[in-house]
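Some features that TrEMBL has for this protein:
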- B:His199: active site, proton acceptor (ACT_SITE)
- B:Tyr376: active site, for cyclooxygenase activity (ACT_SITE)
- B:Arg112: substrate binding site (BINDING)
- B:His379: heme b binding site (BINDING)
- B:Cys28-B:Cys38: disulfide bond (DISULFID)
- B:24-61: domain 'EGF-like' (DOMAIN)
- B:1-23: signal peptide (SIGNAL)
There are 2 protein chains.
Amino acid sequence: MQDLQQGCRLLVVLVVVTGMVSANTSCCSYPCENGGVCMTTGMEGFQCDCTSTDFYGTLCETPTFLKRVKLWLKPSPDTTHYLLTHYNWLWDTVNSVNFLRNAVMKKVYTLRSDMIDSPVTYTSEHSYITLDANFNTTYYARTLPPVPYNCPTPMGVWGKKEMPDVDRIVKKFFVRKKFLPEPMGTSALFSFFAQHFTHQFFKTDVKNGPQYQWGGHGVDVTHVYGKDKDAEAKLRTFKDGKLKTQLIQGEEYPPLEKDAPVDMVYPPGTPEERRFAIGQKVFGLLPGLFMYATIWLREHNRVCDILKTEHPDWDDERLYQTGKLVILGETIKIVIEDYVQHLSHYNYQLLFRPELLFGEQFQYQNRITVEFNHLYHWHPLMPSEFNVSGTTYSLREFVYHPEVVLKHGMHDFVDSLSRQRAGAFGPFNHGPLTIPVVTDLLKQGRQLRLQPYNQYRKKFNLPAFKTFEEMTGNKELAKALEEEYGDINAVEFYVGLIMEKRRYRSVFGSSIVEMGGPYSVKGLMANPICSPKYWKPSTFGGDVGFDIINTASLKKLFCNNIKGDCPLVSFEVPDYVEGDVLHDEL
Amino acid sequence: MQDLQQGCRLLVVLVVVTGMVSANTSCCSYPCENGGVCMTTGMEGFQCDCTSTDFYGTLCETPTFLKRVKLWLKPSPDTTHYLLTHYNWLWDTVNSVNFLRNAVMKKVYTLRSDMIDSPVTYTSEHSYITLDANFNTTYYARTLPPVPYNCPTPMGVWGKKEMPDVDRIVKKFFVRKKFLPEPMGTSALFSFFAQHFTHQFFKTDVKNGPQYQWGGHGVDVTHVYGKDKDAEAKLRTFKDGKLKTQLIQGEEYPPLEKDAPVDMVYPPGTPEERRFAIGQKVFGLLPGLFMYATIWLREHNRVCDILKTEHPDWDDERLYQTGKLVILGETIKIVIEDYVQHLSHYNYQLLFRPELLFGEQFQYQNRITVEFNHLYHWHPLMPSEFNVSGTTYSLREFVYHPEVVLKHGMHDFVDSLSRQRAGAFGPFNHGPLTIPVVTDLLKQGRQLRLQPYNQYRKKFNLPAFKTFEEMTGNKELAKALEEEYGDINAVEFYVGLIMEKRRYRSVFGSSIVEMGGPYSVKGLMANPICSPKYWKPSTFGGDVGFDIINTASLKKLFCNNIKGDCPLVSFEVPDYVEGDVLHDEL
């Protein structure tokens with residue numbers, strides 16, 4: 001680390017002395033450690049502002065005594081992960097003793113969310129703090145500011161003068177040759193959950209540029225109810241709080257666009273009877289998204305019926321608004337206790353208990369960052385084909401064909417997705433339809449001047465990788481990457497995420513978990529409904545609504561809303577045996 | 001209180017039994033105490049949700065043991081006010097001992113801001129919690145939800161079936177007969193500061209209705225820089241970070257609209273050379289607003305010069321953005337240490353020290369409430385006429401004549417406003433030009449279904465008034481009000497604020513102080529620049545910028561930006577002797 005810093009400073013001095021650039025580039029090597037802020041001083045030199053970091057020294061490199069003790073006591077992310085994924089006997093005990101389970105969960109909440117700066121400090125427009133970062137919500141926020149302008153290289157001071165060609169990178173490292181199955185047995189029901197859930201807040205305003213977005217910066221269930229009051233009005237029946245539906249083969253489905261005229265994205269020529277109206281305009285794209293949209297719609301109307309029985313005096317408006325709050329609560333419950341639980345593969349059973357944060361220092365506000373959006377590009381999880389009740393569909397046959405769900409019926413479709421293996425997250429596993437997406441993403445990452453992958457590792461308390469082999473765990477891959485990037489510190493964000501070796505018992509490498517965890521926990525628990533004034537029975541129509549939230553599960557979500565037998569509802573395929581696919585197979 | 005509750009419940013039962021209304025109106029009497037939430041149960045009856053209130057019982061009327069101890073230890077608002085406005089010797093000591101002064105200020109910050117629910121829970125659209133309250137920022141927030149629909153009376157269960165006629169109320173209680181001077185010696189420089197400062201966040205979206213607003217919900221200096229990026233671009237020179245100005249008689253003033261084409265409000269026919277372009281579109285209305293707009297403009301450009309000297313390598317953009325952050329910091333410093341200090345008349349000297357809140361439970365987010373907006377209608381402070389360097393102007397001669405400032409020059413104008421006595425806040429002191437404003441305000445308060453004045457007293461830990469005489473401290477006024485409202489619990493919000501008797505050594509009655517204090521402290525300290533990641537020298541261009549903020553004062557703001565001698569800069573007129581005007585003179 002010291003060597004690296006010295007090297008950088010030497011380089012900066014060299015650059016200034018030789019007059020290659022006129023600007024002060026001394027912050028291009030991110031010389032300040034531990035969250036210290038680099039500020040140039042005059043035409044050369046820099047200062048690290050170590051205020052509120054618990055570190056001091058020229059580069060904020062020395063911890064205060066108290067911080068030193070804390071650091072010494074704190075296990076590394078890898079140790080914590082090891083603990084949480086081993087020692088079944090320990091976790092069995094913790095899971096069954098309420099106060100222990102609560103104590104662990106409280107720690108998870110605070111440790112994860114403390115990693116996220118709130119209020120947010122940066123956008124993609126400035127490499128320094130601006131007021132706009134907080135007040136202009138049309139921007140995605142930024143965890144790390146962009147690489148300053150006028151730096152020696154696009155990545156600061158490391159790597160080549162020009163970034164490697166995007167198309168070549170994609171071809172060399174991303175294209176799926178043969179389908180690689182997800183090694184932890186993840187099902188396609190999971191992949192579509194991820195896509196469905198996250199697209200309520202990943203809403204890039206492509207027209208204005210990748211630094212802009214048009215969402216509400218969090219879990220706001222707009223993907224069910226529509227992006228604003230106007231859209232909501234089009235999707236509502238205005239009777240008993242319910243949303244519009246249509247009956248097809250005895251089952252409730254989203255209404256057609258002609259009956260609920262919200263903006264939807266369908267290819268030209270899509271026949272009217274396949275143009276379904278959904279809260280999020282892109283959810284006609286895939287049957288899996290359509291399935292989740294349908295199931296939440298049914299759940300909302302089911303909850304409204306229950307609320308109406310409990311509150312015969314309530315009008316449509318109150319049933320609707322309260323139903324929406326219940327659905328939001330259920331969403332967070334299921335995300336934490338089913339979805340994140342599956343992702344984590346922890347032996348500890350996660351909990352959704354907002355009251356654990358009462359009395360803690362915790363900011364009930366959230367912003368979606370560009371980095372979280374990039375990190376959540378999990379296209380390798382998408383299989384190349386789907387087996388639905390014996391019929392095989394290629395992904396291409398899925399795209400813009402929501403009616404596949406109608407054809408098989410909800411029961412069979414859900415059952416099939418639960419049995420369908422997702423793809424492995426990693427290199428060489430982007431299917432042909434997702435290649436344009438990853439190509440664009442890499443271009444955007446460069447346009448947004450994302451800092452090098454290793455800078456993000458450090459920001460999230462992970463050690464920077466020293467070599468390509470350490471990052472990939474694969475000699476051949478390491479060599480190919482080194483040829484392209486030259487320097488491990490010049491690897492760009494998304495490439496790092498995909499190329500990083502998988503963690504033990506994990507769908508992802510350590511970076512996705514250690515970055516994604518904080519973003520997720522913060523985003524979920526900072527929701528207003530988790531704050532003390534909201535989180536009480538009366539907010540959700542009394543005990544009856546509160547109980548729906550507190551007992552919600554993925555399985556119940558489907559089984560309560562599918563007539564007859566319950567299908568298999570699982571984020572893990574039924575025939576899965578741990579360890580059946582190794583990362584080294586790649 | 002108990003009697004009142006029983007009476008209400010009896011009334012509700014009566015109403016239900018006699019079939020006068022079909023809805024469940026049992027929450028119309030706000031039966032739940034201490035922040036408990038009332039929820040109807042079935043067609044009659046109600047339940048109080050006491051979660052997180054530290055109280056229990058059917059009406060959340062019984063404190064937990066710990067809360068009982070806390071309540072017993074906590075002085076009443078009136079006692080605290082008495083302490084803070086007496087005992088000079090004590091406060092002289094506190095003011096001169098740093099750790100005592102800090103400890104008191106930390107207490108002020110937390111006690112005040114804890115009164116404000118954050119995240120916000122209500123808007124004017126629903127008498128219950130909705131998700132929109134948090135996510136839809138086009139609404140003003142609400143501290144108390146609207147009076148439910150279908151209640152026996154417009155105020156819930158109290159008062160008459162119909163509200164008294166607005167015009168009659170205004171005529172009877174508001175119209176200024178003769179000018180009543182502000183009894184604490186407040187100057188017109190103060191009145192305009194209040195108006196100028198608050199109109200960066202009081203921005204009612206009149207076209208869409210009084211429940212909507214178009215601002216950024218806080219201290220965002222949009223009144224200096226413009227409402228959005230587009231407006232900012234029109235006001236900027238894009239050179240050295242500076243804002244556009246024009247030179248008139250050797251002094252810098254805001255540019256003309258033709259040179260900085262932002263939206264401004266001027267009456268038709270206003271000549272081009274009087275159409276100045278300012279960040280807030282209504283600031284051409286009064287010379288006092290124009291004066292503050294000018295002085296902040298000069299201050300921004302002055303700060304940019306200083307930053308440029310310190311950072312010769314910085315471009316226009318960084319100088320501009322950092323200058324803006326410094327101006328915001330100065331604003332808050334001056335508001336707390338000059339403006340609120342004057343308002344409070346505390347012997348304790350207030351402090352702007354954001355670091356005192358680090359480590360505390362404090363939400364760095366803010367929303368402007370409808371109630372705060374109504375509360376800040378301080379039109380009685382506006383004098384009927386102004387003496388500027390010997391020339392007398394009526395208020396009417398001021399309106400849309402910003403050029404009055406040019407005529408006399410900044411020095412003389414500031415000096416004159418410092419010597420000009422403001423009007424007394426209270427009954428019979430709305431000048432003719434402000435009568436339409438107060439008339440509209442009362443109408444809006446009814447349209448927004450604001451809860452009765454006494455409900456707000458209780459929300460802010462003040463005892464509900466039992467009689468009109470207790471409220472007004474004036475028999476005649478009490479009688480006239482009782483004739484109109486019938487019941488002390490039926491007095492509407494703004495009427496209560498204006499009619500309430502003045503507190504000892506205070507510009508206002510207890511309610512404005514005990515409500516306005518929390519809204520203000522929360523709004524000021526919840527600003528992002530006060531949060532740990534922002535509040536450090538590097539955010540403001542290093543020590544040089546940070547020092548400008550930490551040493552800012554009203555006097556310096558003017559004196560640094562007016563050539564030659566410094567005028568008198570004071571929120572208190574120079575000839576003032578305390579106690580020269582009594583409230584009883586009314």
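Cβ coordinates are placed from backbone N, Cα and C, and glycine is handled just like the others.
TrEMBL entries are annotated by machine, without manual review.
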Residue among recorded positions B:Cys28, B:Cys38, B:His199, B:His379 with Cα closest to the Cα of B:Arg112 (substrate binding site): B:His199
The residue listed as 'heme b binding site' to B:Cys38 (disulfide bond) - Cα separation in whole Å: 36
Disulfide-bonded residues: B:Cys28, B:Cys38 - member with fewest neighbouring CB atoms within 10 Å: B:Cys38
Residues near the residue listed as 'active site, for cyclooxygenase activity' in space but at least six apart in sequence (CB under 8 A): B:Ala194, B:Thr198, B:Phe202, B:Gly516
For B:His199 (active site, proton acceptor): intrachain residues, at least 6 apart, with Cβ closer than 8 Å: B:His223, B:Gln280, B:Val282, B:Phe283, B:Leu289
Integer average pLDDT (0 to 100) for the domain 'EGF-like' (B:24-61): 95
Protein Cβ atoms within 10 Å of the residue listed as 'heme b binding site', excluding its own: 21
Per DSSP, three-state class assigned to B:His379 (heme b binding site): helix
Cβ packing number for B:Arg112 (substrate binding site), 10 Å threshold: 19
Composition by DSSP (helix, strand, coil) of residues within the domain 'EGF-like' (B:24-61): 0 helix, 10 strand, 28 coil
